[in-house]
Structures are given as C-alpha cells and as structure tokens.
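Listed features, source TrEMBL:
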REGION    1-402  region '3-dehydroquinate synthase'
DOMAIN    89-201  domain '3-dehydroquinate synthase N-terminal'
BINDING   ARG142, ASP158, LYS164, ASN174, GLU206, VAL207, ILE208, LYS209, LYS268, HIS289, HIS305, LYS374  7-phospho-2-dehydro-3-deoxy-D-arabino-heptonate binding site
DOMAIN    203-376  domain '3-dehydroquinate synthase C-terminal'
BINDING   GLU206, HIS289, HIS305  Zn(2+) binding site
ACT_SITE  GLU278  active site, proton acceptor
ACT_SITE  HIS293  active site, proton acceptor
DOMAIN    430-862  domain 'Enolpyruvate transferase'
ACT_SITE  CYS850  active site, for EPSP synthase activity
BINDING   GLY906, MET907, ARG908, GLY909, ALA910, GLY911, LYS912, SER913  ATP binding site
ACT_SITE  HIS1216  active site, proton acceptor
ACT_SITE  LYS1244  active site, schiff-base intermediate with substrate
DOMAIN    1329-1409  domain 'Shikimate dehydrogenase substrate binding N-terminal'
DOMAIN    1443-1512  domain 'Quinate/shikimate 5-dehydrogenase/glutamyl-tRNA reductase'
Amino acid sequence: MTTLSEQPEPDVVKVSILNEESIILGFHLTKFMLRDVITIIPSSTYVICTDNNIASIYLSKIVDSFNLICSEITLSKGENASKPRLITYIIPPGEQSKSRDTKADIEDFLLSKACTRDTCILAMGGGVIGDLVGFVASTFMRGVPFVQIPTTLLAMVDSSIGGKTAVDTPNGKNLIGCFWQPKRIYIDLIFLETLPEREFINGMAEVIKTAAISNELDFINLENGVESIREAVLNPKRDIPFQGATIATRTPSQSLLLSVIMASAKFKAHVVTHDEREGGLRGLLNFGHSIGHAIEAILSPELLHGECVSIGMIKEAEIARHLGYLNQVAVGRLYRVLNSYGLPVSLDEKKVLDLVGKKFCTVDRLMEIMKVDKKNRGDQKKIVMLSSIGNTYEKKATDISDSIIRKILSPEIMVLPIKSSPNISSTHVTMKTPGSKSISNRALVLAALGDGTCRLKGLLHSDDTQVMLVALQNLGGARFEWEDNGETLVVTGGGGNLQIPDNELYLGNAGTASRFLTTVCTLVSADTATKTKKHTILTGNARMKQRPIGPLVNALRANGSQIRYVEKEGSLPIEITPSQTKLKGGKINLAASISSQYVSSILLSAPYASESVTLSLTGGQVISQPYIDMTIAMMESFGIKVERLEGDVYRIPQGKYTNPSEYVIESDASSATYPLAVAAITGITCTLPNIGSSSIQGDAAFAVKVLKPMGCTVTQTETSTTVRGPLIGSLRPLPHIDMETMTDAFLTASVLAAVANNDKGEECVTRITGIANQRVKECNRIAAMVHELSKFGVVASELPDGIQIHGSKIQSLKSPIDGVKCYDDHRVAMSFSVLGCVIPDGTIIREKKCVEKTWPGWWDDLETKLGINLLGIDFESSYHDSSEQADSFANKHLQDEKNVSIIFIGMRGAGKSTLGKAAAKALNREFLDMDHHFESTLSTTITEFIAKEGWETFRAKETEIFKSLLNTHSSGYIIACGGGIVETPSSRDLLKQHSKNHGKVVHIVRDINDIIRYLNEDVTRPSFNEELIDVWDRRKCWYKEYSDFEYVSINTSNINGITNEKDMTRFLKFIVGQDTNLIEPFDFFGRTRRTFFVSLTFPDVNPALPNIPTITHGVDAIELRVDLLSQNGSLPSVEYISQQLAILRRSSPLPIIFTVRSQGQGGKYPDTQEKEMFLLLEHAIKWGCEYVDVEIGWSPSLISKLIKKKGNTKIIASWHDISGTMQWDGEEVRRRHRVAQEYGDIIKIIGRANCLSDNFKLQNFVESRHSDKPIIAINMGADGQLSRILNQHLTPVTHPLLPSKAAPGQLSVAEIHKSLHLIGQLPKKKFYLFGTPIAHSMSPTIHNTGFEVLGLPHYYDIFESEDVAAVKPIIEDAEFGGGSVTIPHKISIIPFLDQITEHSKLIGAVNTILVDENKNGRKLIGDNTDWLGIFHSIKDSIEINSKTTGLIIGAGGTSRAALYALHQLGVSTIYVYNRTQSKITELIDNFPTFGIVPISSLSEPIPIPPQIIISTIPATSNLEIPNEIFSFGKGGIIVEMAYKPRRTKLLIKGDEKEWIGIEGIQVLIEQGVWQFKNWIGKKAPKNIISQNVYQNYN
Ligand SMILES: NC(=O)c1ccc[n+]([C@@H]2O[C@H](COP(=O)([O-])OP(=O)(O)OC[C@H]3O[C@@H](n4cnc5c(N)ncnc54)[C@H](O)[C@@H]3O)[C@@H](O)[C@H]2O)c1
Ligand SMILES: [Zn+2]
C-alpha cells in the first residue's frame, strides 16, 4: 500500500490566465495543491464541496493529507500558530444538483458551521460542482475565494476555466449565475483514471473542438495519439507508485495526455484572457455548439453534451464544406478523429439510437430551437465556420442562412431538374472526383520507399490511407507534409531505410495496409534494434485479428524472414524480427489464389531485397490480375520495371524507387461515372482531369463503352475524360451490353437507359448482362434498381445475370411520392440523383447520407459544381408536425415539450390531489395544489376568504392567481385546480391557452355518487349553496370542453396488483410521451418477432377481471371491442365505456386497442350512427388508449379530424371485406391499402378466403407491397385460418376463457404456435440448466410451464456437471435453444461463449445463454438476468425518485447483481453492509460511480434511511436485524435473495414494520420470466408458473 505521505513532489506545468499563472497541471497533485492553497489563500476554514461519486473515492485521502500538511506547517510555525480547519460537504451527483435549492443547502451548511469571510471553498468535481460551488462562493459573505479542482475531462478543459458560474432553473439551464474567477485551478490528471469511460469521451469532444478551431498541430497529436490517450485514461499503467508525478516516472502516454489537455486549457485561458465576457473570439469556442445545443435540447439527458456537440461539429463542418470554405479532407479528418475516440458523428448511428430510444430530432424542431438562440437574427444563424483544421473562416461566427442549414441537416434531399436553357450545351464543368483507394495505398508505399520528394495529388482520405500514413511515419520511412489544405501530400522518401518503431503499429481494420506493410516491415534495419526495441509488431482491431495473412507470412518465412504470430495462428498481430539480410530475396513462392494483395505486397518491397526476386505464384487460379497489373504499372512510374516471365512468374530487379516530382492519383473509376452521366443526361459538358484512357480500372471504360454508343461525345486523353451529352431526352438505348468488366457502373447505366428512347415510337430496350455479382453487394442491386425505377413509371425487369430496361420519354416519368429508397447503398443514391437531374417534379432521395461511403461531398459537388439545385427534406418532420402544431412550436422555445406542466381539473373529491401527488413523484415533477397556493399567497383560508369577501371576489382572485401561476410554473409541475376553476370564463381561457402551448389539461372524472358519499364525510371544506349534483350538471360540459384528456378514477384500489397511482403514472407518461407503452416489435437480438392481441368479447369485463392475466398470456395488447359491450342489453353509454376501460387498465399493463366495429363490418355498432361512433373514438384518444382502430370506409373528413387529435395514440387503419369479393391480387386491395397507409400507423386488411390458395395470394400481396408501415393481413373463415397462423404483426387471437370468438376462424396463441411448429416454422429447441447441485431446482418447472402454456414445442432440462467443459457439446448442438447457468459455472462458462452482454460484463457473471441465430451464422451470447429479477420485483412495487436510497446486506457475488439492479432503478445512494469491509472496498473499486456508501454496523444511523433493503446473505447466517434499518417508516420494500426458509427472519421483521416483502423464490420466478423473454421473445405466463412453483416448493 502506498500512502499519500509518500507522494513525491510533483513536476507541474503552469498556464496563465488573466495575466496570472493560476492554472496548474500535473499528476498526483494532492499534497502539492493543499500546501499551495494553504500558503497562497490563508484562511481559517477550508471547505471541500464535492459529490458522492468523487467523495467515495477520494475524499478521505484528501482529508488525511490536509491534516498531515497542517501539522507540518503548524510545526514549522511554532506551537501557537492556529491550525486551520477543514470541513466537507457532499451533494448527490448529477445535473439536478445544480439548483437553487442545493445552493441554499450549501449556504445554510456554511452558516451553521459558522463560516465567515475568512473561508476558502474548494470545488472538487465535474462541471456541475464547479458551476454550483463557484456560484456559492461568489455570493457567500459577498464573495469568498474559491479553488477549482476539476475531476472530469470536461471540467479540466472547459468548465473550470473562465469563471462562469451558474445554477439551472425549471425554465432552462444556467439561467442564474455570474462571473467569479477561481483563485487557482488544479488540474490533476490522476482523477481521470476513475472517470467513467463515457464521461471521458464526452470531454474529448471539447478537446477536439478546441484543436479544430485553434491549432492543427494539436489536432495531429489527437489524430495520432488515439490509442495512447485512451490507454492513459482507461487503462493506465501502474508499475510504480505515483506514476507520472515526476517527469522521470511519466509514461509516454501520460505525457501525451498532459500535452493535449494543456493545449486545450491554454486556448480556453487565452480566449478568456482576451475576451473575458463573451465577444467574437469567445464565440469561436461555440464551434459545434449551435447545432449541438439544439440536439441537446431534444435528446438530453439521454445524450451527453459532448456527444451532441460532436454531431454538431460534423454538421457545422458540412455546412462549411457546402459553402466551399472547407474541403472534404478536413471534414473527413474531423469525422475520423471524433469517431476514433468513441464519439457519435451522426444522429442515426446505432449507438445514438440505442441511447435515445423513441426520441428523435426533426429538422423543423432543430431549426425552431436554434431560432431562439440569442445570438441569431432573422432567417440567419451565427455558426462557426472552419476553413481548415486549426483555422476558422472568420475570427467570429459567420451568418448562415436557414435554407443552407436545413439542407445539411435534412436526412432526405430533393434533386430539382436542371433549368433547361438554350445555352445549356455550352455549360462546361471541370471537376475532380475522389481518388482511387487502391492507387492511393500503393502510391504511399512507393513514395515512402523511394528517393526524393514526391507531391501526391488527389489522395483518397479514408481510414485506410490514414492508418498507412501513420505506420510509415512510425517506421521512420519517410516525412509527410500537407500542402493546399490537405489536397497535396508532400512525401520525402527515405530510400527504404526503416527503423523499429517505438510502439506497435496499430492498423485498425485497414486490410490493404496490413498486407502491404507486412513485407515492408521485413525491410527494417537490424541495426536499429535496442535493448527495449527488438521487433516490429503489426496489430489491429478485433475484426482485423480475424482476417487471414497466412499465405503471405508463409512465403516470407520460407524466404528466411522471422515472423511470429503473437495471438492467433494465421492473423495479426504479428511480430517481425529484423535481420541483417533484410528481405533475403531470390526465389519466392506465393499462393496467390486468395488475395492479389499478397502479390502486390511482395512486388512493392521486392526491389529492396538483398538479391533480385523471382516471384512465382502458385495455387492455381490467380485472382484479380488487374490489381497485380496496377501494382506493376505504378512501380514502373517510380522507376522499377517488373518483368513477367512465362505464366505467373515475375522477376523484380534490385533497385530503389526514384520519386517523380508529382504523382496524380487517378480518380476512382466508379465514382467518375456519376458526373459523366449527369453530363450525358442533361446535355452539359463535363471534364474529369484525373482519369483517362490509360486507366487500368475496369469502370474507366464507361465513357467509351456506354456513354458514346448512347449518343454522347467522348474525348479522352491518357489522363482525362470529357463527355458532352446530347440534347436532353435524346440518349439512345443500348440493345445489349455486357458490363462484366465494370459491374459497379451498371446502376449508372440503368438510369440513363430509363430515359433512352427514339422518336419513332419503337420499343427502346436496354439489356445489361454480366452483372450477377451485383446481387450480393450492399443490397441486391438488380432488384433494387428494378423496383425503384418502377416507381418512376419505368418498366424494368431482372435477367438471370442482368437487367432489362424500357426507355421512356422524360415527360412521362413521375417522381415517386415517398422518394427513392437507397437501401443504404451509395451507388443507388448517386445513380438516382443523376436521373433526378431531369425529372420534372423533383426527386426525393432518401437516406442521402449513404453516399459518404465513397463520396461524402457528392451532394455539394452535384449542386455547386454540376449546377443541380437541391432542397433539404425531412420526411419525419412533415409527418409529425401538422402546420398548426408547427405554429405553436414557435411559442414554445426551448421548453421541453414533455416537461410542460400538467393541469388537473375536476370536481372536488375526484382524487386530484391524491393521484397528483403520487404521479408527480413518479414523473419527477413537483405537485402544486391551487387551493393551498391560494391560501398561502393570501395568508388566509378559502373558507374565511369566502365568508368575508363572497364567492364572486373569490373567483376573481382565483383567476388572477391562476394566471400568474401559469407564468411562473409553466413547466415541471402537476397543478391541481380547485373544482370551480371552470366557472369563470377568463379562467377557462387560461386553460385553453395552456393546451395550445402544449400543456396538458386533464379532467379527473369520478362517479358523482361516489364523490357525494366521500364529501359528506369531510366537514373541513367550504360548503356549496347548492346541491352537489346540480353543480356537477352545470360544470360537466366545461370540464369536457376545456380538457385535453380524461382520466377516470375508480374506487377499486388495486386489481391484479395495479394501483390507481400506478395507473395514473402510466396514463400521464403516455400523454406526455415519456413512455408510450407501445408494442415492441423486436426481440432481444433486434429481429422482428411475432406479436398478438387478444380481442375481448365480454359484454361487461368486471366478472372476467381475475382471468385477465391468463387470457393475456403471450399477447402484446388487449383489444376492447366496444361494440360488444352491453349495458343492460343495450348500447353502452360513454360513461359505461369509460368505466370498463378504467377497470381494464387496472387489471393489465398491456396497451389497449380501442375498437368499435359496426354491423356492416362484422360488429354490433349500428351503421347509421357514424357521428356517435367517431365521438367514441375521440374519447378513446382522450382516455389515453395506446391504439385506436378506425375503419377507412367512413367519411374522410371525420377520419382526418380524428387523426389530427391523435397525440401519442397510434391509429390502426382497417378495412374489412365482409362481402368476400376482394381479391388479394386485384386492384381493390391495392386501393384500400393506399388509403389505409395514408391514415394509419398500422394497416389492417381483412379479406375472406374461399380456398386455401387465397392465403398464398394474401402472402404475395404482403410481401410485394411498398410500405414501411406494419400490416395485419388476414382472411376470415375456416379456409383463412392459415393466414392467421402466418400473419406476423399483431395477429388477433382468442382464448378459451372468452365467451366467444371475435371473428370466425380466430385461434389462440397456443394454437398458432402449435400450428407453426407443425408446418416447420417453429422448430423444437432444447434448453438446459447448467451447474451443480441442481437436482431440486425450480427452473425446469418455471420454463416448461411457460412452454406448455404458450403451446411452444420446446423442452427444458437440467444438466448437472462439476466440469464446465462438459456443457460444450450441448451448447454447440443446433437444437440448443438457450440455457440457464448457475453455481459454480457462472464465470467459468464465459470462455465457451462468443460474446457477453454489457450487463454481464459489469456484473461479472453469466446466468443466461442466448442463441443468436441468423443468416450470418450462430452465436452464443452470455447474459445476466439475475439483476432483472430484483429490478422488476422492486419496480413493480414502489415508486423510486431521486431521493430514494437502498441498503444491500452482504458484498458477495449476488450483491453485484443487487447493486446493478438498484443502479438501473436510478437509486443514487446505495449503502452496503458486510462483515468484512475489504469486500465493500472491492465493490466500490468495481462500481466507482454507483454511489456506494459503506456502513460498518447495521445499527449505525443512516443519514437518508433506505426505502429498499436487499439481503444477499444466506438465511442461516445469524445476523442481528436492528430496528434502525427500518427508520424510513412504513412502505419500504425488502428483497430477500435466500430461498430457504421461505419466510426469513428479515422478512418476518419487515412484515411487522409494514414493509413489502419479496421472497427469494419470487425473485427467482421474476428472473425466470425475463430469461424466458430473452430466449423466446415473449413474456412467460407468470401467474401459472408461480402456481406450479409454489405447489412443488411448499
Ligand atoms: N462554466 C462553464 O464554463 C461550463 C462549461 C461547460 C459545461 N459546464 C457545465 O458543466 C456541467 C457538466 O459537467 P460534467 O460533464 O463534468 O458533469 P458532472 O459534473 O455531472 O460529472 C459527470 C459524472 O462523473 C462523475 N465524476 C466526476 N469526476 C469523477 C471522477 N474523477 N471519477 C469518477 N466519477 C467522476 C460525477 O459524479 C458525475 O456523475 C453542466 O452543468 C454544464 O452546464 C459549464
Ligand atoms: Zn461545450
């Protein structure tokens, strides 16, 4: 153990700010810092403020060293010197602590500790602590000195510097604060070692931002130092104590880390010094933030600030590129650097989508938010424009017009047709297209090995070339410098003199680089070896470590090179030992049937061998000969001529490459086809100066072989190509062309063929063949082209190895309404943008971003170089914001829509306060009772006020107070109004206004007779002068009219475990969009799963309530067939329906489908009452039903009106063909589908089968339709049953416990599963429990019950073994469907699996094996559901808020799952008790951010008493359970993890204290239910499982 007293005197660096050297950086600064602080800020009291996370790791050590240093200092000053005191204050972590309340808490604390002006405050923590504590210091005693000790990367480089302090308010972040400069900022990088990875990455965004705007050299450091910097923080070396404190002990990684952080801090300090209060210069720091902040406003807290800024930087750089200020090279570098540190670079990255769930950013919304930024004016926004890496276009932000921002932000783009003008044919464009990757890589190696200086022009900038460059640099082989903003790379060749690099050469996943460099590394000189550097090591990422390199290594080894595989035989990493003879040379044999890159690799290095090389290719067919030819041709350009002897034998002379002074990298030939095709289709002229007739790329023949015969004028030199198109509309078809040598160009040719015709009215067919390989590219490109072309009205069809296209007249083509789908394929996108250049109405290209794969700047080039106008389009926006919504967006500003205050209205006694309070807790809002507010504002009681002033004055005053309340409490509240609020017209107007501003007004309805009964018991309220029933009659219309939603509160307190409070929470979360309770269509692996809903056919659901859990087994939603309800034999009233719905919601958490089927559609509702029916449907939306079924046959005006109001409710647009005449292959069904697609979120079409084959027609229809919306397609009748079995999405099902089937032919879930099994669609799988002893395990009962109830063919068995290896054959068997793992295999199983989930990684154990089977193969995945059992047991029982704390007893294996569960539940302080403290320390080490607080005795008073206690120790341990642990009071929850006895001592004691007790067996069952769900994609039937388990268990 090292103690702080041994901490050496650190070497520090100082940065000056505001003309004082007050920023100090280094490693292990604690003692240095304390001594410094005590000396320069002498005070009587020092206060350290920090948060829980940091305190638990660092605080005690710091306190110790403070005492130590104080003693030292007082000693040196003599006995009488007074010793300063140190006090500490800890707040909960997180942004919510940055509040006025916490500020007040700290101040009260300081005052209570008698702190005076003579106090110095130390803010130790991230930005939250720094901002908050700085603000406290600024006003405490009119300002006391303070010190920043930043512990997050963000705080080190940004928030601690500059003196900005602030707290948040419900109206927005950082709105209250001031400038208050810290006296010192101590940046101790050692803090970063405990920072969670995501927080580190978050801070990197600011570091990268600063380098990007200020200094290219810093940026290069970041580019080259990714591995090293990440390692210094995430995986630091700890060879010696206090490593890094002194320069002598600093690792190279630490030095690099220090230098990049210092650079960032320095720049911020510089800006602050020269521009302390926000001006132009400071504005530069806003790079990435204009757009980043808008994203953050929507996606916070799911995305962190730096993550949003990262995406913002890319978007803002793209704007600069679009405007021609910045080139693609720079955008690419920015993109790669952000990406390499783990930051997101796009909103639709999987990582981002996973984090943000259902939230999304529409372009409209982003634009709206940016509008309110105070820096902007009119339709211009101020955005920082980069002009190159390290420089900005202006020394301040630049005005950018909205239309440009919109274009860049939009996910879709509309290509407008070229403006036809008489002189179009005189337009001549010259442009460069992206360089070829193959040629770029070869040129880099050649120039680096050559003698002299070579300017490489047009190099492709990609991950691959970047990696190659860095590796060559590290081999000392050459010098590289950029010119013309990265357009030219100046290579000073090293003539083949290479040295052993300092570190491993990390190649990421760059395949070409790994192959070429393998031979290059054999040329390294043995003389450069030292004691510590003996070999060259080539390595890469995980994917790279799978890719083969064997044949090449074999050939080199046979030739005498010493190469060793470091890990897996046949792949990187490899270690190459330099030899005196370098590459020996002479005869080399190479198996060349796998990759031509092996051949090129040897060819490129061969001239430097000790003898001239004769290379023989063996192994039969040599593949990709053109690439070998390319290498040989390029070697010749660098002065070495390779001779091809007979067959596949090459002789390479010895020599050195002579670098030509300039080498122009040829364009990628496939990319080149697009601008040339634009010329062909529009009639302009286009010249490409970087590809011509000498090219050896196959696609280079496109101009001559395709464009020329189609009627273009083509002129080519060796290195350039010029194409002039004929007049628009006069391209000629190509009867037949074989494109085997240029397959990638067939898409370009196809769009041209689509408009190729002649005036003679003949068939103008183009047939392209030889392109079969294009079926297996990014997508099936042939099918994609046929399909997308047909959307324009082009007739096209597939050929066995090609495509056939009928050319049409341009005027007859229409643009597809829903745009061109690109299948994430860059070539599809670019080809159709060529076609779009002439289509009259403008063509929308979806997923525009897919062009980034090969040509990120394509859209800019298409517009700015080729002159085609583009518009930004956002399908989501136009879909989500109707115009009226968009208007009110403008008023809403930044206010988060989801947080707008909710207002409750309704009769007194309806439950507004009780429910409101509970829901406010669950939604993390504040609750406010209007009546109380009234009373406290006027310091009177309402009864008194009315007695004195009368009702009229009361109402007037009420309105006045209500009005100001809506201003001050417009978000973050649930406000319960007095019952009479609707009596005053001006109050009603206020309610309307609130709804318009997206606030929600909810009417809490309760049966009036219940209310009367209830109120009669309460005498404290002022009485009305009239009968309650009359009051209700007068108000009820107003309540209806002025509310957006209606919540029906019922007397039953709890049905099937769902309380009123819980249901209220579900309702509110739904209406504000916090949790819309929608059906999850995907399984654990993201595959579409089958979903079902059960149609209830009860006339009254009440008697059936106990059966609801059983009836809903295996289904995903419940349909309430409203037309089948019956109130005393007649049509149900609105009230009756609302009651039924309310009861149903209390009996199941499943989403509800609200359906009113009319007689004409097979239901019972009268066909004549259309208006009444729509009234019911509108009510369904008001009641918060998740789904509403609407028949598309009703009046369109009624349907549209309904849909406008739908809010978060999803519409199922359905069509029932009761007549039985609709044919699935006819016109009618297509028409119905179109209409349904327009109205619905889900489409439902029900036909009738007259024979079995009608079901196949239905299947064909479903597969061939073009829509992203899910469809329910079914045939009624016995002949149609097959369609019910095969339907994928939301199949309606029945259950034996229902009185009747909702439709003829309906099946149950179990029946459908059994049928699927019989027809081979659901193979039987075997599941196992692994471990020992397990003979008495309940798991088989759990899972086999589940399988049986759901009709699944699977079987679960136990497999007992001591030796974990025995499970191997079982899990590898194809029949194996999944497994449970228990002691003793939970850890030892891991090596047998392909991967384990994040959960299990964190918990450190696997209890579940999942099988991920798809077309790419089969993978075994380890998961952990232990925590889920605990998590759900608690979540279903109590509401957790930010103040809830938990206690875990025990610190063994199970406690880890318990910890994880509590953390996932959002519990931020977790007390842990264990007999041995060291175990707790270990837990804290493993979960440093979980807020673990160790307690040494259970009877010690706990500051915030826990509401949750989890016991993870055996029931046999005779632990005393003191009363103190229950000091939370009634209503806490105990989770017991021990199974035997069923009622442990703890549970019994908990019972006495009126705590909820969860038995171990309950947790096991819950855990099993989730395990089952992860295997099967369905929740297990818990109630029957529990029954069976308890039967066997007791
Ligand atoms: N004043 C300014 O100029 C300025 C500039 C930028 C951001 N900010 C503010 O900064 C805040 C964000 O700061 P942040 O990103 O640092 O977040 P933060 O302060 O919330 O810290 C992030 C998390 O990391 C934990 N943590 C911090 N240091 C740790 C360590 N060394 N080891 C383990 N855990 C650690 C914290 O407890 C917290 O959970 C925001 O409120 C923002 O408004 C201010
Ligand atoms: Zn920032």
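Counting starts with 1 at the first residue shown.
Positions of Cβ are set from backbone N, Cα and C atoms, glycine also.
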GLY909 (ATP binding site) and LYS268 (7-phospho-2-dehydro-3-deoxy-D-arabino-heptonate binding site), distance between Cα atoms, whole Å: 59
Whole-number Å value for how far HIS1216 (active site, proton acceptor) lies from CYS850 (active site, for EPSP synthase activity) (Cα to Cα): 40
GLY906 (ATP binding site): nearby binding-site residues from LYS164, GLU206, ILE208, HIS289, HIS305, Cα cut-off 10 Å: none
Other same-chain residues whose Cβ falls within 8 Å of the Cβ centroid of GLU206, HIS289, HIS305, the recorded Zn(2+) site, in sequence order: LEU154, ASP158, ALA205, LYS209, GLY288, GLY292, GLY306, CYS308, VAL309
Neighbourhood of ARG142 (7-phospho-2-dehydro-3-deoxy-D-arabino-heptonate binding site) by C-beta distance under 8 A, where only residues 6 or more apart in the same chain count: ARG117
Recorded positions near GLU206 (7-phospho-2-dehydro-3-deoxy-D-arabino-heptonate binding site) (Cα-Cα within 10 Å), from HIS293, MET907, GLY909, LYS912, SER913, HIS1216: none
Cβ-based neighbourhood (8 Å from the centroid) of the ATP site, residues GLY906, MET907, ARG908, GLY909, ALA910, GLY911, LYS912, SER913 excluded: PHE904, ALA976, GLY979, ILE1004, ARG1006, ILE1011
Per-residue Cβ crowding (10 Å cut-off), top of recorded positions LYS164, LYS268, HIS293, LYS912, HIS1216: LYS912
Recorded positions whose CB lies under 6 angstroms from ligand 2, from ILE208, MET907, ALA910, LYS912, LYS1244: none
Binding-site residues near HIS293 (active site, proton acceptor) (Cα-Cα within 10 Å), from LYS164, HIS305, ARG908: HIS305
For the residue listed as 'active site, schiff-base intermediate with substrate', nearby residues of its own chain (Cβ under 8 Å, 6 or more apart in sequence): ASP1189, ILE1212, ALA1213, SER1214, TRP1215, ALA1236, ILE1271, ILE1272, ALA1273, LEU1290
In sequence order, those binding-site residues of LYS164, HIS289, MET907, ALA910 whose CB lies under 6 Å from ligand 1: LYS164
Nearest of the binding-site residues (MET907, ARG908, LYS912) to HIS305 (7-phospho-2-dehydro-3-deoxy-D-arabino-heptonate binding site) - Cα to Cα: LYS912
Cα-to-Cα gap, ARG908 (ATP binding site) vs ILE208 (7-phospho-2-dehydro-3-deoxy-D-arabino-heptonate binding site), nearest whole Å: 58
Fewest-neighbour residue among binding-site residues, criterion Cβ within 10 Å, set GLY906, GLY909, GLY911: GLY909
Rounded Cα separation (Å) that holds between LYS912 (ATP binding site) and HIS1216 (active site, proton acceptor): 42
Pairwise Cα distance for GLY909 (ATP binding site)/HIS289 (Zn(2+) binding site) [Å, integer]: 49
Neighbour count (Cβ, 10 Å) for ALA910 (ATP binding site): 26
